[in-house]
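S.K.: Next up is a structure, given as structure tokens.
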Amino acid sequence: MNKPAILVLEDGTVFRGVAIGAEGSAVGEVVFNTSMTGYQEILTDPSYSQQIVTLTYPHIGNTGTNSEDEESTSIHAQGLVIRNLPLIASNFRNEQTLSDYLKSQNIVGIADIDTRKLTRILREKGAQNGCVVAGNNLDEALALAKAKEFPGLKGMDLAKEVTTKEAYQWKQGSWTLTGGLPEAKDDSELPYHVVAYDFGAKRNILRMLVDRGCRLTVVPAETSAEEVLAMNPDGVFLSNGPGDPAPCTYAIEATQTFLDKGLPIFGICLGHQILALASGAKTVKMKFGHHGANHPVKDLDRDVVMITSQNHGFAADEETLPANLRATHKSLFDGSLQGIHRTDKPAFSFQGHPEASPGPHDAAPLFDHFIDLINQFASNKQDKA
């Protein structure tokens, strides 16, 4: 029999349910994600560091878990909140049930609560701090105190906490149904050398770059611009990641150097916000953020609507964009800025996740645009030579 569990929000709201993961407690910012599938990719996305994830779809865990679907080496979410945990996991790729997966990584989870009520609270009041406690000793007063003590994500630099400790090479392409995960590609198949800053990078972003011929050198978040320039890259990629972009001054300063050098730059999620800050714009904390795989975004250049995967609690402020930075994409949910492009440099970024994992691939052509900029940059260098 499952042990009891509680979720206590900082406003005093208490949800009672059953434990589905490890015993213990977890504190973080409580957010909701509207994706129907992809719970393992969500849990292992480093962008969810210091957050407790509520999944709005009622049945979570149907397909179990497997090692191939992980977006990083471990679960980064502080805890998981769901409505129903299925009695069995049924999928030909299943290696471990969701409950056992959570327990194996010492992650707390709670089920059998009204996730619709919780989502309404978060939408109306904004993202709140919360505390999940699982086990026989449930102290609501202590859980409330812990929730109130959590400092929140504003002003928190988490990129340097989740980043790789050492630089490494990445040459593996995307998973396929018939072949699974492929072997690393040979350098002869990868004509472009791209340095990827790991602010909490998802593996499928790296794989989609490799699919397009990029040999990746993945570097720690605080790697200096001088170290990167010494690698003689064809382009620089700024990855997704957790927390507030404003304290990441090391990344902002490095990006400014790359802009001055005219290097092709592509940013996703936190990387998008870093490019905005490096270009002179400002960022803001959103009320409850965007978390899901069904977010409509308008491509202003092509005048088309894309359904995108989103996961961010901060956004670049369109009203602060300098003259050399133009808006390229906007959210059709709330009108927030979703994409930017420098008018004077080969640099652009997107707030959502074109690699999806989980979600649709409508925005995948953004990776192709990065390759186009790299080719143009190389051609210009040859002309000058």
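A Cβ is built for glycine as well, from the same backbone N, Cα and C atoms used for every other residue.
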S.K.: To which of Ser47, Ser67, Ser72 does TrEMBL also attribute binding of L-glutamine at the site defined by Gly241, Gly243, Leu270, Gln273, Asn311, Gly313, Phe314?
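M.R.: Site partner of Gly241, Gly243, Leu270, Gln273, Asn311, Gly313, Phe314 for L-glutamine, according to TrEMBL: Ser47.
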S.K.: Would you mind sorting out which of Ser47, Gly241, Gly243, Cys269, Gln273, Asn311 (the recorded positions) have a C-alpha within 10 A of the one on His353 (active site)?
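M.R.: Cys269, Asn311, listed in sequence order.
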S.K.: What is the biggest Cα to Cα gap, in Å, among Ser47, Gly241, Gly243, Leu270, Gln273, Asn311, Gly313, Phe314, the residues listed as binding L-glutamine?
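M.R.: About 13 Å separates the two most distant Cα atoms.
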S.K.: Which has the fewest other Cβ atoms within 10 Å: Gly241, Gly243, Gly313, the binding-site residues listed?
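M.R.: Taking Gly241, Gly243, Gly313 as the binding-site residues, the minimal 10 Å Cβ count falls on Gly313.
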S.K.: Roughly how many Å separate the Cα of Gly243 (L-glutamine binding site) from that of Glu355 (active site), to the nearest whole number?
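M.R.: Glu355 (active site) has its Cα 20 Å from the Cα of Gly243 (L-glutamine binding site).
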S.K.: At the level of the C-alpha atoms, what whole-angstrom distance separates Phe314 (L-glutamine binding site) and Cys269 (active site, nucleophile)?
M.R.: 9
S.K.: Can you give me the residues near the recorded L-glutamine site, meaning same chain, not Ser47, Gly241, Gly243, Leu270, Gln273, Asn311, Gly313, Phe314 themselves, Cβ no more than 8 Å from the center of the site's Cβ atoms?
M.R.: Gly200, Asn240, Pro242, Asp244, Pro245, Cys269, His312
S.K.: Sorted by position, what residues of the same chain at least six away from Leu270 (L-glutamine binding site) have a C-beta under 8 A from it?
M.R.: Ser47, Ala159, Phe199, Gly200, Leu238, Ser239, Asn240, Gly241, Pro242, Gly243, Pro245, Cys248, His312, Phe314
